[in-house]
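Working notes, structure below.
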Amino acid sequence: MATKRSVGTLGEADLKGKKVFVRADLNVPLDDAQKITDDTRIRASIPTIKYLLEKGAKVILASHLGRPKGVTPKFSLKPLVARLSELLGLEVVMAPDCIGEEVEKLAAALPDGGVLLLENVRFYKEEEKNDPEFAKKLASVADLYVNDAFGTAHRAHASTEGVTKFLRPSVAGFLMQKELDYLVGAVANPKKPFAAIVGGSKVSSKIGVIESLLAKVDILILGGGMIFTFYKAQGLAVGKSLVEEDKLELATSLIETAKSKGVKLLLPTDVVVADKFAADAESKIVPATAIPDGWMGLDVGPDSIKTFAEALDTTKTVIWNGPMGVFEFEKFAAGTDAIAKQLAELTGKGVTTIIGGGDSVAAVEKAGLADKMSHISTGGGASLELLEGKPLPGVLALDEA
């Protein structure tokens, strides 16, 4: 993907008095009392908004929240106003809608250095259909466009792709820029040796990533529930562990590809097995070659952790996507925690560590090590698609640098 123009290239002359449509990813979790339980995404969007305000722009902020079917009060962005205002040190104005006369009035009345938060863009089905008329209405209140929502960059929606046809310049925000620099940079031009750790329960959801990474990495470490499909493909007994029967041939061919490309492929040599899928299950450590009948593997074992650690110690770049085990259960979190701790240590030694979205991010945050990594990706699906080498519509739509 070609390099995209960044918001940092716009100065006061470009921004003062201009209305800037900023698509952020403010899709934060809310509890039943509509309180924000994790404001990471809001905080991540602040640098771009502050930069625009300092240059005298008027910011029109748009986001989705959840997956509403039509107007759904519990998916309103209203609960975000107080936290946004607090972080920006000004009073954010809330619009009752994201298009229409009322929004036009509020946008027209916005002073330089003011912020208007539009209501959830997904209250309209036209958003996800990328309807050009809807995109035109969204764009009509602004002069230019900044996309800082990496988490939805893999979707061609009205607020991520459609609006760029009506607003120029259309540029990447700082968060989007950082994601692209790290994820595209890591894949296109990594410091070697380059390792990828891929976990998660299903091979099927990670096939594209594994195939794409096999062409680029020196070491590939596999963990999580997907390993049992690989074991079974190699003729091992896996007890009651999760297996995707229709992916056995694929697992065999991935092992062959790794061999032919000279990639060191590491599968766990021992696993923590349980008698049931529960936090309080009976558990024991067994070699991968001796998983007993009626037991299921829920984490990688201590020998595997040691082998993985030795391999990772040789690296200069590491990408991690997907947990090593069922880390939601304390008993089966050791493998995932060990990887998180080791990557934090490696970062301190100058290794580039990239946590590629999804559950690995949750695992790193649970371990309190988020600020110890080089880069934590905010995109789940978007990170995966980028690592798979797929073009992202929300990025393609932005101006070339």
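In case you wondered, yes, glycine gets a Cβ from its N, Cα and C as well.
Lifted from Swiss-Prot, the feature list:
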BINDING   A24, D25, N27, R41, S63, H64, G66, R67, R122, H154, R155  (2R)-3-phosphoglycerate binding site
BINDING   G200, G224, F327  ADP binding site
BINDING   G200, G224, G322, F327  CDP binding site
BINDING   K202, K206, G225, G297, E328  AMP binding site
BINDING   K206, G225, G297, E328, D359, S360  ATP binding site
BINDING   D359  Mg(2+) binding site
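Structure with Swiss-Prot features highlighted.
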residue: N27; record: (2R)-3-phosphoglycerate binding site; Cβ contacts under 8 Å, 6 or more apart: R41, S63, H64, L65, G66, G151
residue: R155; record: (2R)-3-phosphoglycerate binding site; Cβ contacts under 8 Å, 6 or more apart: E128, E161, P393, G394
residue: K206; record: AMP binding site; Cβ contacts under 8 Å, 6 or more apart: V198, G200, M226, N321, G322, L384
residue: F327; record: ADP binding site; Cβ contacts under 8 Å, 6 or more apart: D299, A333, G335, T336, D337, D359, A363, K366
residue: E328; record: AMP binding site; Cβ contacts under 8 Å, 6 or more apart: A279
residue: S360; record: ATP binding site; Cβ contacts under 8 Å, 6 or more apart: G199, W320, N321, G322, P323, T336
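In sequence order, the binding-site residues near G297 (AMP binding site) (Cα within 10 Å of its Cα) are G224, drawn from A24, R122, G224. Comparing C-alpha positions, R122 ((2R)-3-phosphoglycerate binding site) sits nearest to K202 among the binding-site residues K202, G224, G225. Less than 8 angstroms from the CB of K202 (AMP binding site) sit G225, M226, L242, E244, each of them six or more residues away in the same chain. Within 8 Å of the centroid defined by the CB atoms of G200, G224, F327, the record's ADP site, lie the Cβ atoms of G199, S201, G223, G225, G322, P323, M324, G325, V326, T336, D359, S360, excluding the listed residues themselves. Local packing around the Cβ, expressed as the count of other Cβ atoms within 10 angstroms, is greatest for G322 among the binding-site residues G200, G322. Close to A24 ((2R)-3-phosphoglycerate binding site) in the fold, though at least 6 residues off in sequence, lie R41, S45, T48, I49, L61, A62, S63, D148, A149, G173, each with a CB less than 8 Å from its CB. Across G200, G224, F327, which the record gives as binding ADP, the greatest C-alpha separation is 10 Å. Within 10 Å of the C-beta of R122 ((2R)-3-phosphoglycerate binding site) we count 25 further C-beta atoms, all protein chains included. Between the binding-site residues G225, G297, G297 has the most other Cβ atoms inside 10 Å of its own Cβ, all protein chains included. Under a cutoff of 8 A between CB atoms, and with a sequence separation of 6+ in the same chain, the neighbours of G224 (ADP binding site) are V198, G199, G200, S201, G322, P323, M324, G325.
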